[in-house]
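Listed in TrEMBL:
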DOMAIN    283-451  domain 'DNA primase large subunit C-terminal'
BINDING   287, 366, 382, 422  [4Fe-4S] cluster binding site
């Protein structure tokens, strides 16, 4: 590799060595935001596309614009300085986002998923020379075992009463049937590769799985994932010492919020009345539709559910006066005196910034709702995370969603892709209102965003 790129010899990086040189605050924020836009694009593409080639094609424009990494083959044309700066930005921005995404398990999980896919795409699209150099320099301890050596081990264990030549013929025939041609293998504990064990793509022996060379990338990805997981945990432990830096704290907090959605601006369009809420409920996302149904059924919602639903209604344009009317009508099993005495009216005014700290609270984003932890007798939170598959399926059937879409949405929810599941539900139920766009450009990031997309789509069709 070129000596001018000693610090970053290839486009691949295990991110083991933290930044050492100084940068200014503007670079810190700009580089972090650029990488975050790449990771958000990865998140969207990863769940929309089945093939990795399609994922790479979908994110390539963002990569080129925000986080381009040129290979060493163009060093003479572009110069070592440009390649070095590209790789420095890539490395530093990764470490910067670690600071923002180490704080909670959910943030860590999201960051690991996107970084892992980004690394995989870069690895598979890099040159053979780069890949081999990276594996060697990363010291991943991937020593190959030849087919002959593996056959010898198998024969000693299983070849009783059979000649070595006969056993070798059977072994080679099995390998050719599965792997086409003789190859090298890599030895790992079988629990490290459950997906390959399940597909019977490995040779199992004495608690170890022998992985064919064609699947070596999986071992590298697992090592990358384990390393990043441990580093995020270490960063989380060290972060309290950094919180004293008033310059970084607001930037890091903002970055963590932007991975999924930004703050939602309160609607300043046509006012919504208390009588409009039921009619508008056809445009509610599932998290709000379930709360609306529970409120109509029980004439009551618990505290956190009232906040979640109340701020959502505030966001679609329900004024304070209309909110007081709506909630009083909804709590129709109690007297006016009880409604006031139990503090329900006070809590509504509080959410509108008219009581207490007089903070003008904004509607909850998807990430905040997903991270809430409702108990068994509470109804707030994200249905895609907290509802059973049967309950989720029943709600979608009531919305006339076809079974193929229900199965797909349930799968996305089981895999932890709650916002993508919500986006898929939106796309499955949009009907003629959204024929011009087969898919949303970005996943749903806010309940009020879902509402606006649905309502504006209906209005557009009526206007046409």
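Cβ atoms are placed via backbone N, Cα and C, with glycine included.
Across the domain 'DNA primase large subunit C-terminal' (283-451), the prediction's mean pLDDT works out to 88. Here residue 422 ([4Fe-4S] cluster binding site) comes close to 285, 286, 287, 366, 382, 384, 443, 444, 450: these same-chain residues lie at least six apart in sequence, with C-beta atoms under 8 angstroms from its C-beta. Burial estimate for the binding-site residues (287, 366, 382): highest at 287, by number of other CB atoms within 10 Å.
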